[in-house]
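According to Swiss-Prot, the protein has these features:
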{"type": "BINDING", "residues": "ARG22, GLU85, ARG124, LYS459", "note": "(6S)-5-formyl-5,6,7,8-tetrahydrofolate binding site"}
{"type": "BINDING", "residues": "ASN231, THR250, VAL252, THR255", "note": "K(+) binding site"}
{"type": "BINDING", "residues": "231-236, 250-256, 275-278", "note": "GTP binding site"}
{"type": "BINDING", "residues": "SER235, THR256", "note": "Mg(2+) binding site"}
{"type": "DOMAIN", "residues": "221-380", "note": "domain 'TrmE-type G'"}
Amino acid sequence: MDLDTITSISTPMGEGAIGIVRLSGPQAVEIADKLYKGKHLLNDVPSHTINYGHIIDPESKEVVEEVMVSVLRAPKTFTREDIIEINCHGGILTINRVLELTMTYGARMAEPGEFTKRAFLNGRIDLSQAEAVMDFIRSKTDRASKVAMNQIEGRLSDLIKKQRQSILEILAQVEVNIDYPEYDDVEDATTEFLLEQSKEIKQEINRLLDTGAQGKIMREGLSTVIVGKPNVGKSSMLNNLIQDNKAIVTEVAGTTRDVLEEYVNVRGVPLRLVDTAGIRETEDIVEKIGVERSRKALSQADLILFVLNNNEALTQEDYTLYEVVKNEDVIVIVNKMDLEQNIDINEVKDMIGDTPLIQTSMLKQEGIDELEIQIRDLFFGGEVQNQDMTYVSNSRHISLLKQARQTIQDAIDAAESGVPMDMVQIDLTRIWEILGEIIGETASDELIDQLFSQFCLGK
């Protein structure tokens, strides 16, 4: 594939120990040699070496930066192209100067995700692996990064390719049947083979889809909203679960003015914890904005931790709030058990019915273990599956697998009903195409461009 040479800063902007300018393409080494002065020309050094030298402005002869330059030659690189990585000091001005020089002498500024896109276009990775690269970068827990790494290593790709190969074998048998319609024994054997193989493929698709709910939680975190009246201990609960003092804990109602968010691993379950401003009527403009954001967070939650104050009797406000959340997945927490009990637990149970109830003291860190176990049990049936399993965690993949499952069921129904094989062939071909979209072999250029546009610059 004949592509130009691209360049970008591949480290976060800002001050730091190191900043890296990356080039990829057929002229990467040539462009770098125009700027680099060291013991040897970069064109003459072995691949996969790091070389000390300086970046010189060819026009002014000014020494721009002291650098270490990595030389990586095709095809054993991420993009399967020649790659140069110029390791600079991490100052903003200097690294931008080096970037500008690479563009002045022949490179083009890379688009977001273009390095990974080239890895895909050059056959280094498939589309599902490319998507997993971004999942890995964005992962907030160890479990999420492990699931993404498994996909980068090609575990999902291998399963999809295996099913596509099985479909090709069915299609080959169907072709024999179409070519020799006069032989009844061929038709019978084809139908039997088609049904047997199709049901196995459907079973494998179902197995993958069964991991979808957990996979999505692993990837995105279980969106968990802590809600309750002001000053019932919501921020203390957030701090205890994340074991940090991120939220301001005071005795003043309305202290949390915004939605606070934190990722935490709770007994193997990655939570995206959201501490909301207390939902109440208020004239404070800033607090009012926080309340509106709280309502939005509630509407998007997977789990709601509804907090009550042991030191106060239930109020109409508690009833009103619970009415808002009662049809969701809720755990009710009666907090501040270290204080005098003024709440009627039986009244609480009457209000919440069969909803799980936990009693805690965030001040004394009591009841937290029970709460964590309840969260795990509610979503994972008491057991979090092995993170080394192959999970389907991407919404696009889940949608395509559901389409494939329906289409293969259509093919099974058609074959069992005696529909002509050339009609069944249409469904089988469509399944092969749908599964190909997951790994990018049959994906449209528009889809590919859209997916890679979501990447960051330099990746």
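Every residue, even glycine, has its Cβ placed from backbone N, Cα and C.
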Self-check item: Cβ neighbours of LYS234 (GTP binding site) where a neighbour is any other Cβ within 10 Å
Solution: 28
Self-check item: Mapped DSSP class for SER235 (Mg(2+) binding site), helix or strand or coil
Solution: helix
Exercise. Kindly state the mean pLDDT of the domain 'TrmE-type G' (221-380) in the predicted structure.
Key: 77
Quiz item: Expressed to the nearest Å, what is the distance separating LYS459 ((6S)-5-formyl-5,6,7,8-tetrahydrofolate binding site) and SER235 (Mg(2+) binding site) at their Cα atoms?
Solution: 37
Practice problem: Using GLU85 ((6S)-5-formyl-5,6,7,8-tetrahydrofolate binding site) as the reference point, find which of the binding-site residues ASN231, LYS234, SER235 has the shortest Cα-to-Cα distance to it. | Solution: SER235
Practice problem: Please report how many Å separate the Cα atom of ARG124 ((6S)-5-formyl-5,6,7,8-tetrahydrofolate binding site) from that of LYS234 (GTP binding site), as a whole number. | Solution: 48
Quiz item: Roughly how many Å separate the Cα of ARG22 ((6S)-5-formyl-5,6,7,8-tetrahydrofolate binding site) from that of LYS234 (GTP binding site), to the nearest whole number?
Solution: 45
Quiz prompt | Of ASN231, SER235 (the binding-site residues), the residue whose Cβ has the fewest other Cβ atoms within 10 Å | solution = ASN231
